[in-house]
Amino acid sequence: MNAILLLNLAGFAISVVCRDDGSCLTKSCNNKMAGPLLDDQNAPLVVMIDLSKADERIKEYVNTALETKMANLVKTKLEDVFKLLQIEEDVKLYVDEVRQNVTLNITDDIKRIIEEVLDRKQMNPAFFATLKTPQNLGRNDVLTFPNVVTNIGKGYDVNTGIFNSPKTGVYEFSANFISNGDMWLEINLTKNGHVIARAHCAKTHGVAGTLQVILTLQKGDTIYLQHPRDSGSIDGSDYSMFSGHML
């Protein structure tokens, strides 16, 4: 008499067949695979494994293995890529981002992250503007410099003369100006309506004055030059200028 055992191993249906004489009974059939086994008496058995769901399971295992392998590749190699590009200061932030959001589209992930880092490095706010023609000033007038040479980040408003900080950071600002006519010229550098530093020119035509400060700004803070006297005049011809940049 043949003995038949039905087992379930790792999700596969297994049929074990043993004949009375200890020989194996094997028979090929669709979606099944024969494999040798021994019982506790070392008698040969035959295992019939049902492979009807093998394709689906193999695809699942292969996909999982591929995702894991590619994710590990990004995690271990991305920092080296950044170092070769000499942009180490933002590596940790973006490696952490990749670890949280890694996908199989590795080329696009790396390209996007590198572009973001380069954009951060290249777009630190900076502006430089000069005055072409003399400008008469009254009390609390804000000086404007219509000839804008540089305006990275578009923080400087050419119409109002006010710099609006696009991002938080440490900035350096400087102003150079020349008096026009025989009036005193006094200039205040102002942050959010509060005077930070003062400079002036003597009551003589063509006298130079300067201002230079380093400030910590929050995003949205304003910086501008203001004239506190009742009257004054500043010379142009690119002798008078205003600039600032993030350090």
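Cβ atoms here come from the backbone N, Cα and C positions, even for glycine.
Annotated in TrEMBL:
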DOMAIN    120-247  domain 'C1q'
SIGNAL    1-18  signal peptide
Secondary structure composition of the domain 'C1q' (120-247) [DSSP: H/G/I, E/B, coil]: 3 helix, 72 strand, 53 coil
For the domain 'C1q' (120-247), the mean pLDDT of the predicted model: 93
